[in-house]
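Q: One structure coming up, written as structure tokens, with questions to follow.
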Amino acid sequence: LPSPTPWSLTQPVTPDLLVSPSSQDGELGSECPEDRGNWTGRLDFLLSCIGYCVGLGNVWRFPYRAYTNGGGAFLVPYFIMLAICGIPIFFMELSLGQFSSLGPLAVWKISPLFKGVGMGTILIVSLVAIYYNMIIAYVLFYLFASLTSDLPWQHCGNWWNTELCLDHRVIRAGNSSLPVNISNTVSPSEEYWSRYVLHIQGSSGIGDPGRIRWNLCLCLLLSWTIVYLCILKGVKSSGKVVYFTATFPYLILVMLLIRGVTLEGAWKGIQFYLTPQFDHLLSSKVWIEAALQIFYSLGVGFGGLLTFASYNTFHQNIYRDTFIVTLGNAITSILAGFAIFSVLGYMSQELGVPVNQVAKAGPGLAFVVYPQAMTMLPLSPFWSFLFFFMLLTLGLDSQVRTEPTEPGVHSRQPEGSGDPLLLQFAFMETIVTAVTDEFPYYLRPKKASFSALICISLFLMGLILTTEGGMYWLVLLDDYSAGFGLMVVVITTCLVVTRVYGMKRFCRDIHMMLGFKPGPYFRACWMVLSPATMMALLVYNIVKYQPSEYGNYQFPTWAEALGILMGVLSCLMIPMGMVVAVLQEEGTLWERVQQASRPAMGWGPALEENRSGAYVASLAGSQSPKPLMVHMRKYGGITSYENTAIEVDREMEEEDEEESM
């Protein structure tokens, strides 16, 4: 044998049992799985969640919903529903993602029998991403239109205007002693939106889409290009983008708020917004509206929160982050109401009409009312550009539910969360992560190409939305793609985690990550309050079902059937997944169901050094019987998290002894 070299005499030899499979060349791996990608900093995750949740729904829906449901009194059911339904489900999604480091499809290793829930989530997200990017295209269209010295929707007399067009401000200025009757007239901003941007007069209905509006088509292409470039390198690139897209909207919102409250008549709008009407609290509709606002504004069920958390380190304090994001979302909604209604109060005074005649929700506020208000301000193009740039950064971040734009337009589901750019980042990252986690060896090395393929496919599917009748298709997608199907997905997730996987086991997993177990508040909500509330919402939506409509246009029966099929299809993924999971097992039918409902062998923390108790040696290729030894070698001693691992192991051993006795 050759004589040992001085290097081999001085370097300790590490036994194989002490080397983690995540190590490379004998060195211990980092806290994060390198092949999957991780946030480059703790703020990346927090800002991504804030951008995902805080967005268009806060600006164009919450204020309207507040004043129509009791004004300031609406805050009582709003915060109660936030505590019962919003915060617990938000924390559950983050916990599932961070504990497993898996996307919304692969995370169902927790109970393979219900993998169809993940499939339903991906279908919902794909449908929403198609029409959501069209909303971003509208925002881009208005953003470019604001780059002028005279806003194109400021006056009548353009080729797209009709004889019903009336510049109410001009009439009011000409004879200020007479009130303006706006009931039989149309504002220039409304005709600009419907007759120029949409050119909806070129379509007779959803079955007659008409020609493609190439200016909208180019805006849609640009929006998909921006989204692709931002997710090109996964969370390492989108994590840096959110430093701008999640914070800049707050700067603009503060500017609009300061400008709004200094306008004449601003207090009139704010008073209309916040005057409490406590008699509304006796109506069940107000409580349902509050729960719906919470459910959609936080973006639970879309897989975005779970995907973001899956890129965290194992011991990230998501308990703290949950309260920061959810309470920040609520406070932002309230502040946005002041910014919006202060301007509407000024607009009301300028036109000499009540506030309720100018207040709208959804795109009716974003693309008709607020642009009209901007024309009444000095430097109107500047304020218009700021407003639509805020909507752009709000939209790319997150997830939104839209509402139709014309008076009397019906939309059953409210729009919800966040920043349009970050929302769209979240949608795309959810889809890409879910599929690549299923086929990591094939798709992770080609993630950029796979992301491009997804973006191109969804862009082509969305081309029908750029036609003259595209708004009809957008309303249909909005009404059905993420309605009762999304609620079924969230309810099923909550029941599977607490009943099938087990509340005690889930709390123990959180104990492994955070060093403490969830308290009675979270356990009570997960077991009873949250699923009961969501079931009530689901029943309410079914009982109050109304056919879709856009203005005076009634959708044909075949369109309604197509919409219902979209919603039902995401629900059907659950029993379809069950059939596949049962067929893959052996034994009698009941034995197959039992085996498929148990966690898969690979379920647990992604890194071996984070595994303890039942998760030891369950990772593919695992060598170490005690990951604690890896921790001790890495950190030079036992840390608080290793103490937690010891406690968890002891609890599991005691439970095993009790079961054997």
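Cβ atoms here come from the backbone N, Cα and C positions, even for glycine.
All TrEMBL annotations are machine predictions without curation.
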Q: According to TrEMBL, which listed range is transmembrane segment: 202-223, 290-311?
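A: The listed stretch tagged transmembrane segment in TrEMBL is 290-311.
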Q: If you follow TrEMBL, the disulfide involving Cys165 connects it to which of the following: Cys156, Cys230?
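A: Record-based pairing for Cys165: Cys156.
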Q: Who are the chain neighbours of the transmembrane segment (367-392) in space, where the CB to CB distance is under 8 Å and they lie at least 6 residues beyond its ends?
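A: Those are 56, 59, 136, 138-140, 142-143, 146-151, 153-154, 169, 187-190, 192-193, 197, 248-249, 252-253, 255-256, 259, 263, 340, 343-344, 346-347, 350, 358-360, 405, 420-421, in sequence order.
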Q: If we skip the immediate neighbours and take only residues 6+ beyond the ends of the transmembrane segment (290-311), which ones have a Cβ under 8 Å from one of its Cβ atoms?
A: 32, 36-39, 45, 48-49, 52-53, 57-58, 61-62, 65, 69, 74, 77-78, 80-82, 85-86, 89-90, 93-98, 100-104, 107, 118, 121-122, 124-125, 128, 235, 318, 326, 329, 333, 398-399, 401, 413-418, 423, 426-427, 429-430, 433-434, 482, 486-487, 489-490, 493, 533-534, 536-537
Q: Asn329 (Na(+) binding site) to Cys165 (disulfide bond): how many Å between their Cα atoms?
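A: For Asn329 (Na(+) binding site) versus Cys165 (disulfide bond), the Cα atoms are 38 Å apart.
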Q: Determine, to the nearest whole angstrom, how far the Cα atom of Cys156 (disulfide bond) is from the Cα atom of Leu394 (Na(+) binding site).
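A: With the alpha carbons as reference points, the distance is 31 Å.
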Q: Any chance you could find the range in 241-258, 323-347, 450-474, 480-501 with the most Cβ pairs under 8 Å to the transmembrane segment (75-96)?
A: 323-347
Q: Just how many other Cβ atoms lie inside 10 Å of the Cβ on Asn329 (Na(+) binding site)?
A: 27
Q: Write down the Cα-Cα distance for Cys165 (disulfide bond) and Asn58 (Na(+) binding site), rounded and given in Å.
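A: One finds 31 Å between the Cα atoms of these residues.
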Q: To the nearest Å, how far is the Cα of Leu394 (Na(+) binding site) from the Cα of Cys165 (disulfide bond)?
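A: Leu394 (Na(+) binding site) and Cys165 (disulfide bond) have their Cα atoms 31 Å apart.
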Q: Is it the case that the transmembrane segment (117-144) and the transmembrane segment (521-543) touch, counting contact as three or more CB pairs under 8 Å in which the residues of each pair are 6 or more positions apart?
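A: The transmembrane segment (521-543) and the transmembrane segment (117-144): touching, no.
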